[in-house]
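Features of the protein shown, as given by TrEMBL:
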type	residues	note
TRANSMEM	A:30-48	transmembrane segment
TRANSMEM	A:54-72	transmembrane segment
TRANSMEM	A:84-103	transmembrane segment
TRANSMEM	A:109-128	transmembrane segment
TRANSMEM	A:135-155	transmembrane segment
TRANSMEM	A:175-194	transmembrane segment
TRANSMEM	A:225-243	transmembrane segment
TRANSMEM	A:255-273	transmembrane segment
TRANSMEM	A:280-301	transmembrane segment
TRANSMEM	A:307-324	transmembrane segment
Amino acid sequence: MTTALERPRGASALPGAATRIRTGAVQGSPAVLSIVAMIAIVILAAVIQPGVLSMNGITLMLTAAVPLVLATQAQMIIMAVGDIDLGVGALLGLVTVIAATVLTTSPALGLAMLAGIVVVYALLGFIIQRRGVPSIIITLGMSFVWLGLGLELLPTPGGQTPEWLSAIGQWRPELIPAPLVLIAVATVVAWLIARRSRFGTRLRALGSQPATLEKLGWSLVRTRMAAYAVAAVLLILAGLVMASQTRSGDVNSAGNFALMTIAAVILGGGNFAGGRAFPVGAAFGAITLGLITVLLSLVSLPSSFQSAAQGLIVLAVLAGRVITERFIRS
Amino acid sequence: MTSTETTAIVDGTRGGTALLTVDAVSKRYGKTQALSTVSVELGEGEILGLVGHNGAGKSTLVRLLAGREASDTGAIRVAGLPEGAAFTAAAAERAGIRMVYQELALCPDLTVAENAALSDRRPTGALWRRRAERRIQDTLDEVFPGHGISVLDRSGEMPMAQRQMVEIARALCTDRLRLLILDEPTESLGVDAAEALYRYLHRRTADGVSAVLVSHRMHEVVGHSDRILVMKDGSIVGQYPGGTTAESTLLAAMGGEVSTDTGTLERVEAELDDQEQPAAAREGAAVLALTDSRGRELTARPGEIIGLAGLAGQGQEGVLARLWAPGLLSRSVTVPSSRAYVPGDRQVSGIFPLWTVAENLTIAATRALGRFGFVSGARKRELASTWVDMLRVRGGAAAPITSLSGGNQQKVLIARAFAADAELVLLDDPFRGVDVATKNEIYTLMKAEARSGRTIVWYSTDNKEMAHCDRVYVFRAGRIVSEMPGSDATEQRIIADSFDETEGELR
């Protein structure tokens, strides 16, 4: 019996490094726009206020982007299987509340609660796959549950995060800005999960064409549950990082994250249909959105206009993505 | 025919041991009896051909063989599997049974290598990606030398022919292959790739691998099977030796009309006579013109049927796409403003799976049916039932589209395009997985519609079908290489023209 591993005579070699880079660039091209947008914003900010390029400036500018990047990676995984998580913001708020209350007073109970979130997310995946409930409905409903739990634990912003967590927030390495390190780690981890692992392949197959995955003998339920569990872990990490920065808990601290993360994923090359995952693009998308806020405060736009301006910039960048995509395809 | 008789005729296993035994299996879907007490024995190293019309039960039988579905009664036994164990997809996989699906089962967003890794359960460790690339590339090289596929490409961005090659190679990526089930494996393949596949298949069967070959291409089944089973209405109605049986014998056993289906022609013509019939205007001015990259022009006049021929994937689909959506700024394409398109990829861009036959059929015609944006339900039902009766779509207008067999779904899609009253109708390989009787009905319909003044542009992977056209353009590497009247368009002439130019490499 011949096997597929026996090299037939005249077998062609696998694609070389150059082909790999070219293919990667073409396939990842939807993500390019987010990088361009980010660079443009950094340059604008640097022209207005040269101080932003200093070590301190970068740290200040990017601090707020770290939890957004982590949450965006989680959203990217959910969107890769073809779903959308609208409960991201409320969940992050709840995690900061847990971190600022229970995790300090009784760490074991706090960790158990965080583990419980992962279990609940796996359960959401189960229900969505088994019962065919749209993820938008179920995660929107859950966002109110998270909000309610958070208010129950800590009705007004406050509390105190544990020492070790605050220490992470205070970490300032000498050579590289700390947020850059955290963002890079988060992106690499998400990249390994979504693009390099076999699990990541199944994940994208589920979003791309579930019938095929099932035909080949994989459990759709287990795949979706695993995707949700992984996303929950990333979301909890995002919440903990956020709590470590503010050293307190506030259930409303990430109120606009659900839509921000979705916009970041789309900006970074993802799509609503599922099947695609661009961790690097998503990270740049999240940084871009984070920096828009910084830029708008640098040009001293009245704060009442900031939301509208932010929304218009996001729309402009997304429109740019549609145009570049058409350009690449033709 | 009773099950005992069926068993009696089904044994020719080259005297070797039986790899797989199907014992009096029945399967029912709702009201339809898909299989009734079918018994088959499959020997080691045997290629078993399976022919029959759409809905004869072939697809159901192979799904059972692959363990994708359980039979209602009866049993499937595989040598080496424990007696009495449930025959599931996992058990079939363990027994070394692999299937190439007719509706291509590749995830469009994944690369070739990732798609292959999904179905290849061999442990591979941390470097799985590199090994998966190696395996699929080697398999592709072995089966389809010179395939021109990059394992890094996303499968959704490749032409049909290459996707089909990947689908086949993916099923072969295993160490324990014992039975390969091929469901219409060559529908999208060009002639040379199909031959390469069969050469490979014979090499493997010489080593003891068995194969089940399901195809509407009779000459391929006859030429490459050791034994041919003919199915009709869920039963096996005949067994013939491969190689020597005449195609007409098989067609007669299948119960299909070999000659042109005059019944449909009469129905279609009677239908058309009721309408106002504009005079056929084949001598009129061209309504369609398209210039290829070297300036050769493709034109069509009202009432003409234009065929796009050549080897599979030489740019014919691209021409259809340009005719369908020329874009705002293209000066090289002139098309009528009302166009209809039958996509080649039925499952992905053809049917609306949640809708009924009537809704699927009339969606393109809603503009004509509607008034101020509201569609008249009565007129919609009337239009749908006219076409359903004319093309004899099994199941009727109210049936859910997914309950229809592949051939009947295709009829609905073609009816949709013609029901839209478009001047230009584009058909992308409309005969994928369609049996002979349906093919004849569709030819007839095309001819009748053309006679009423419509222009039809049509691409088919089967160059023999091109004789039905008024004019044929042969394509190679995205360019027109020759033009001929349909009466001259024999398969030999098209193939000769496809290879005529020596420049560039051929896939």
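Just so it is clear, glycine is given a Cβ too, placed from its N, Cα and C backbone atoms.
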Among the ranges A:84-103, A:135-155, A:280-301, the one whose Cβ pairs under 8 Å to the transmembrane segment (A:175-194) are most numerous: A:280-301
Segment-segment contact (the transmembrane segment (A:109-128); the transmembrane segment (A:225-243)) at 3 or more Cβ pairs under 8 Å: yes
Highest-contact recorded stretch vs the transmembrane segment (A:54-72), from A:84-103, A:225-243, A:255-273, A:280-301, A:307-324, CB pairs under 8 Å: A:280-301
Tertiary contacts of the transmembrane segment (A:255-273) (same chain, 6+ residues out, Cβ under 8 Å): 28-31, 33-34, 37, 68, 71-72, 74-76, 79-80, 82, 84-90, 92-93, 143, 207, 280-286, 288-289, 314, 317-318, 321
The transmembrane segment (A:135-155) versus listed stretches A:84-103, A:225-243, A:280-301, A:307-324: most Cβ pairs under 8 Å: A:84-103
Distal contacts, the transmembrane segment (A:225-243) - CB-CB under 8 A, six or more residues away: 66-68, 70-71, 73-75, 77-78, 80-81, 85, 88, 91-96, 98-100, 114, 117-118, 120-126, 128-129, 161, 165, 168-169, 182, 186, 190, 193, 199, 203, 206, 249, 253-254
